[in-house]
Amino acid sequence: NSSDLSPSFLLASIPGLEAAQSWVSVPLCSAYALAVAGNGAVLLAVRAEPGLHLPMYLFLCMLAAIDLALATATVPRILCLYWFGSREIGFAACLLQMFLIHALSAIESTVLLAMAVDRYVAICHPLRHAAILTNGAAAKVGLLAAARGVLFFLPLPLLLLPLPFCGSRVLSHSFCLHQDVMNLACANTTPSVVYGLAAILLVMGLDAVLICLSYVLILKAVLRLAAWRERLKVFGTCIAHICVVLAFYVPLIGLSVVHRFGKDLAPPVHVVMGNVYILVPAVLNPIIYGVRTKQIQRRILSLFRLTAGTP
């Protein structure tokens, strides 16, 4: 096939299950609905409860907004694939989706790092916590996270824009990722490979290292406490954040491993891992914080009662 200046790509469905795609879409659609409802409820709860207008919960709102944006940038298009067999996606739409996925993931990684720092200051320097992590500081962190995600990952689609694409146009996921699109180019992709790897290491990689470092310092501070009950109580304030970090980084690492070392794996593995990466954090984050935070539980229940018309 000859290359063209504005190619289109074919999104991947789950091979072997094309005849049952409408049934395959049921858990995907259910997970998306749960993600929208859960993250939306967290945003409404924090907005409606003045006692939750604190940096920790503002960071949680940022996570909820990012997860909503990331799921909405991908899942409706995947559902079109499963419901209507619409596999083709235009070049510009693919690059835009790719940029949103990577930039939003970078922003979420930065917010998770900020939440780890919040836990570190609250446990290791409790008397300075209120002075250091104010609502204004949390807002500045949010703006910095957004700028960091955009600046680091805007070059990815720009590096792919001039490349010719010929031969296969079939992607290995149900949405567009940088490495997936890059592998279909029939030209030298070394600059794109080097920059993509550097961006991932300087953002997600560095954030992961700093989060681990913060928890090493937290653990050292907790172990200085005399009573085991007090140690468990203090470290228990970090459990929700640790679970959210794992829900983000485990699918991210799994997807990266599949991309770099899983060329011999069956195609369904790539599709399923991609969908897990998109939806698992969006579904689990509000559940984790909803279970661990009594104020959010109470406010969400009160919102449901008002919606149902129950006094």
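Any Cβ shown, glycine's included, is placed from N, Cα and C.
Nobody curates TrEMBL annotations by hand; they come from automatic prediction.
Marked as domain 'G-protein coupled receptors family 1 profile' by TrEMBL: 38-289.
Sequence-distant neighbours of the transmembrane segment (20-45) (same chain, 6+ residues past either end, Cβ-Cβ under 8 Å): 13-14, 52, 60-61, 64-65, 67-68, 71-72, 75, 78-79, 81-83, 85, 275, 279, 282-283, 285-287, 289-290, 295-296, 299-300, 303. The transmembrane segment annotation in TrEMBL covers 20-45 (among others).
Feature annotation from TrEMBL assigns transmembrane segment to 57-84 (among others).
Under 8 Å from some Cβ of the transmembrane segment (90-117) lie the Cβ atoms of residues 6-9, 56, 59-60, 62-63, 66-67, 69-70, 73-74, 77, 133, 138, 141-142, 144-146, 148-150, 152-154, 156-157, 160-161, 175-178, 181, 199, 203-204, 207-208, 210-211, 214-215, 241, 244-245, 248, 252, 278, 281, all in the same chain and six or more residues away from its ends. Marked as transmembrane segment by TrEMBL: 90-117 (among others).
Within the chain carrying the transmembrane segment (138-161), a Cβ under 8 angstroms from the stretch's Cβ atoms is held by residues 55, 58-59, 62, 95-96, 98-99, 102-107, 110-111, 114, 178, 181-182, 185, 191-192, 195-196, 199, 202-203, all 6 or more beyond its ends. Residues annotated as transmembrane segment in TrEMBL: 138-161 (among others).
As annotated by TrEMBL, transmembrane segment applies to 193-222 (among others).
The transmembrane segment annotation in TrEMBL covers 234-257 (among others).
TrEMBL lists 269-291 (among others) with the feature transmembrane segment. With a threshold of 8 Å between CB atoms, the same-chain residues lying at least 6 positions outside the transmembrane segment (269-291) that come near it are 12-15, 28, 31-32, 34-35, 38-39, 41-42, 60, 63-64, 67-68, 70-71, 74-75, 78, 101, 108, 172-175, 177, 240, 243-244, 247-248, 251-252, 254-255, 258-259, 262, 297, 300.
Distant neighbours of the transmembrane segment (234-257): 63, 105, 108-109, 112, 115-116, 119, 122-123, 200, 204, 208, 211, 215, 218-219, 222, 225, 273-274, 276-277, 280-281, 284-285, 288-289, 291-293; these residues of the same chain sit at least 6 beyond its ends, with a Cβ under 8 Å from one of its Cβ atoms. Looking just at the domain 'G-protein coupled receptors family 1 profile' (38-289), the mean pLDDT is 90.
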